[in-house]
Amino acid sequence: MVPFSNILGHEKCESYLIFGGETTLGDNFRAFFYFLCLAYCFIGLSAITARFFQSMENVVKHTRKVVEVDPVTKTETIRHEKVWNYTIADISLLAFGTSFPQISLATIDAIQNIGKLYAGGLGPGTLVGSAAFDLFPIHAVCVVVPKAGELKKIADLGVWLVELFWSFWAYIWLYIILEVWTPNVVTLWEALLTVLQYGLLLTHAYAQDKRWPYISLPIARDERPEDWVPEETPYFQHEAHAEVDFSDIKHVNEENGDTVDIFSIHSENPTDPLYARVPSINDEAEILDKAKETTLVDTHLLTIWRQQFLDALRLLRPESKKIKNACLRLACIFWQLLILPWRFLFAFVPPCQIAHGWISFICSLLFISGIAYVVTKITDVISCVTGINAYVIAFTALASGTSWPDLVASKIAAERQKTADSAIANITCSNSVNIYVGIGVPWLIDTLYNFIAYREPLRIQNAGGLSFSLIVFFSTSVGCILVLVLRRIIFGAELGGPRLWAWITCAFFMLLWIIFVVLSSLKVSGFI
């Protein structure tokens with residue numbers, strides 16, 4: 001058993017974040033300063049993730065032209081078909097996007113440890129802790145979000161069961177790797193199989209969505225929107241030969257606190273004024289001459305990009321002017337001043353109207369990776385200064401901070417959607433992505449290098465603590481799922497219902513999360 005004094009540590013930490021003079025400061029001041037830096041990075045992470053969601057919406061809205069010829073009359077019918085399938089978009093773009101901060105952090109941690117026989121603990125610890133945060137606190141929030149008495153249930157129960165199976169299997173598989181097949185080490189083949197199982201998840205979920213015979217569950221779906229992306233709102237539909245005016249588009253400034261709501265594209269009536277609905281390139285081609293259209297679009301996109309920088313530098317927002325209380329208005333101005341550097345930095349991300357949002361999508365990922373790199377550096381210094389085990393920081397601070405996009409996404413889904421599919425699917429799919437991609441890819445990088453350079457497997461430091469956390473997570477997650485099943489049986493829905501029971505469910509989920517964090521932290525710290 002490790003004494004408490006060893007946990008806090010009294011040895012002088014010679015590591016620093018920015019300049020060497022930091023080592024002359026007191027450890028308490030340094031720890032406080034580094035935690036503030038970590039929180040500031042999480043603010044930036046939330047802001048760029050909002051921009052990521054906005055670009056992802058434009059990616060998913062993309063359609064392709066399908067020409068159908070009547071075999072009798074030989075007449076051609078042209079229709080526009082959505083490129084992305086509802087289920088695949090949830091599992092790939094949505095789940096991958098909300099999990100990308102954790103994936104980036106784990107991958108950067110793996111690259112920093114490349115060539116070493118022992119894997120870094122920061123990535124796996126963050127991903128397992130993030131899975132617990134996704135399952136417990138996010139479910140707790142989603143249960144109480146619907147209005148009093150409102151019930152929201154999973155419409156496509158078959159797809160959710162498939163996603164739930166692969167989510168549970170992911171953590172069973174991780175335990176098998178660490179404790180059964182090759183205890184305390186990871187081989188190249190185990191890492192490769194871990195990554196390939198994400199492809200199996202996509203295939204199985206798509207088969208269930210399409211109700212393929214023999215491999216899909218015979219469970220009917222109901223009340224789910226037919227399209228992942230509804231039709232454009234009439235406000236942005238243009239008359240024939242009308243000039244496209246992008247200046248009329250209302251732009252979202254996610255930096256001012258308005259989180260981009262990717263789930264509005266699920267909505268039956270997507271008229272949220274916070275959303276920018278742009279005409280598709282296919283529709284413009286039918287209205288304007290191609291050369292003229294290209295000139296207009298280029299001109300207006302430059303205007304939009306310029307406006308991003310002007311918005312980033314504006315301190316007094318329209319909503320701030322409505323606040324009569326002077327103290328609250330000053331607080332809003334202070335907050336805008338605090339996040340101004342992030343807003344200005346993210347204004348360099350190209351507008352999401354370019355190339356169906358793909359360029360903005362990729363640039364947002366690059367910014368997320370950059371912030372994740374800074375977070376890993378700060379966490380290393382915090383662990384050095386305080387003596388707190390890196391796994392403990394990963395289970396708590398890093399898991400909560402990097403999972404904030406998951407919380408925001410699921411909360412919005414629970415508010416806006418008629419069903420609970422997207423809110424709960426985001427949780428289960430994110431947990432699967434955390435293991436198959438977030439742990440699988442970093443382990444694949446390290447094991448491949450070790451296999452080529454040393455012909456040695458990758459050893460896992462404190463594998464016993466990680467395995468113990470998996471057991472605790474699995475046990476508590478069974479309790480969480482059982483409560484959801486009971487709510488389905490008693491109230492007919494997973495989310496909402498009587499306020500008293502919704503808050504009781506919320507408290508129970510938060511208790512499960514506290515149990516996971518406390519037991520896991522005590523184990524990796526050597527107390528149990």
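Using the three backbone atoms N, Cα and C, a Cβ is placed for every residue, glycine included.
Record features (TrEMBL):
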- 34-205: domain 'Sodium/calcium exchanger membrane region' (DOMAIN)
- 357-520: domain 'Sodium/calcium exchanger membrane region' (DOMAIN)
- 31-53: transmembrane segment (TRANSMEM)
- 157-176: transmembrane segment (TRANSMEM)
- 188-207: transmembrane segment (TRANSMEM)
- 326-349: transmembrane segment (TRANSMEM)
- 355-374: transmembrane segment (TRANSMEM)
- 381-401: transmembrane segment (TRANSMEM)
- 466-489: transmembrane segment (TRANSMEM)
- 501-522: transmembrane segment (TRANSMEM)
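Highlighted: of the candidate stretches 157-176, 188-207, 326-349, 466-489, 501-522, 326-349 has the greatest count of Cβ pairs under 8 Å to the transmembrane segment (31-53). The transmembrane segment (157-176) makes no contact with the transmembrane segment (381-401): fewer than 3 of their CB pairs lie within 8 A, with pairs spaced 6 or more apart in sequence. It is 355-374 that, among the stretches 355-374, 381-401, 466-489, forms the most Cβ pairs under 8 Å with the transmembrane segment (326-349).
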